[in-house]
Amino acid sequence: MSDHRHRFLQLALTADALRFGQFTLKSGRLSPYFFNAGRFDSGSLLSQLGACYADAIDASGIKYDVVFGPAYKGIPLATAMACELAQRGRDLPLSFNRKEAKDHGEGGQLIGADMQGKRVLIVDDVITAGTAIREALGIIRAAGGTPAGIVVALDRQEIASETDRRSAAQSVAEEAGIPVIAVASLADLLDFASGNPELVGYRQPLEAYRAQYGVRSIR
């Protein structure tokens with residue numbers, strides 16, 4: 001496992017963003033783990049998380065001109081990554097959207113950099129059903145931008161349904177024709193649990209969950 005994947009999973013565990021046990025997901029599935037990016041709730045945690053995102057996107061080779069964070073969770077994540085990239089000497093424009101368009105002041109739905117004619121990278125926490133990401137793709141195209149790729153924190157690598165054996169991330173990647181990468185995945189989580197004495201007991205439930213719902217890695 002690469003260093004940034006291990007650092008991210010350790011950070012998520014420390015922040016209580018990654019929890020193990022039994023959790024009922026929105027899909028109704030009983031999952032042995034749960035990820036909540038909202039737990040990265042301090043300047044220090046977001047700074048470290050931004051570095052993990054930056055490492056992942058640098059390793060991917062995706063070319064882009066603007067960083068875009070979909071409302072709401074994507075906004076601090078994209079901001080943290082953009083700040084980290086600036087520290088590394090790459091100061092990129094940043095844009096994000098409102099859930100509701102304003103009809104006063106500067107107006108509109110978008111805040112930040114102009115995306116017209118630019119390659120745009122979407123930064124978010126996870127892709128669950130893909131609804132929010134598809135909305136972001138539409139917003140970028142309507143603003144004259146070209147979606148260049150998507151980076152998320154965690155890829156659960158599980159099928160959407162019994163009739164669609166792709167994950168939500170795979171579906172979005174195929175439909176949009178752009179790469180979807182993750183800082184870490186379920187496969188990484190299994191490796192991480194195996195190497196952590198406090199988590200090794202969760203490996204069997206994780207393996208069973210992957211056997212029932214897993215898909216091939218997208219990275």
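Glycine is treated like the rest: Cβ placed from N, Cα and C.
Copied over from Swiss-Prot, here are the features:
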type: BINDING; residues: LYS26, 72-73, 98-99, LYS102, HIS104, 124-132; note: 5-phospho-alpha-D-ribose 1-diphosphate binding site
type: BINDING; residues: PHE34, PHE35, THR128, ARG156; note: orotate binding site
Cβ contacts of ASP125 (5-phospho-alpha-D-ribose 1-diphosphate binding site) (under 8 Å, same chain, 6 or more positions away): PHE35, ALA37, LYS73, GLY74, LEU77, VAL152, ALA153, LEU154
Neighbourhood of PHE34 (orotate binding site) by C-beta distance under 8 A, where only residues 6 or more apart in the same chain count: LEU18, ARG19, GLY21, PHE23, LEU25
From LYS26, ILE127, THR131: binding-site residues whose CA lies within 10 A of ARG156 (orotate binding site): ILE127
Rounded Cα separation (Å) that holds between THR128 (orotate binding site) and LYS99 (5-phospho-alpha-D-ribose 1-diphosphate binding site): 18
Remaining residues near the recorded orotate site, that is with C-beta within 8 Å of the centroid of the site residues PHE34, PHE35, THR128, ARG156: LEU25, SER31, TYR33, VAL126, LEU154
Fewest-neighbour residue among binding-site residues, criterion Cβ within 10 Å, set THR128, THR131: THR131
Cα-Cα distance, maximum over PHE34, PHE35, THR128, ARG156, record's orotate binders, Å: 12
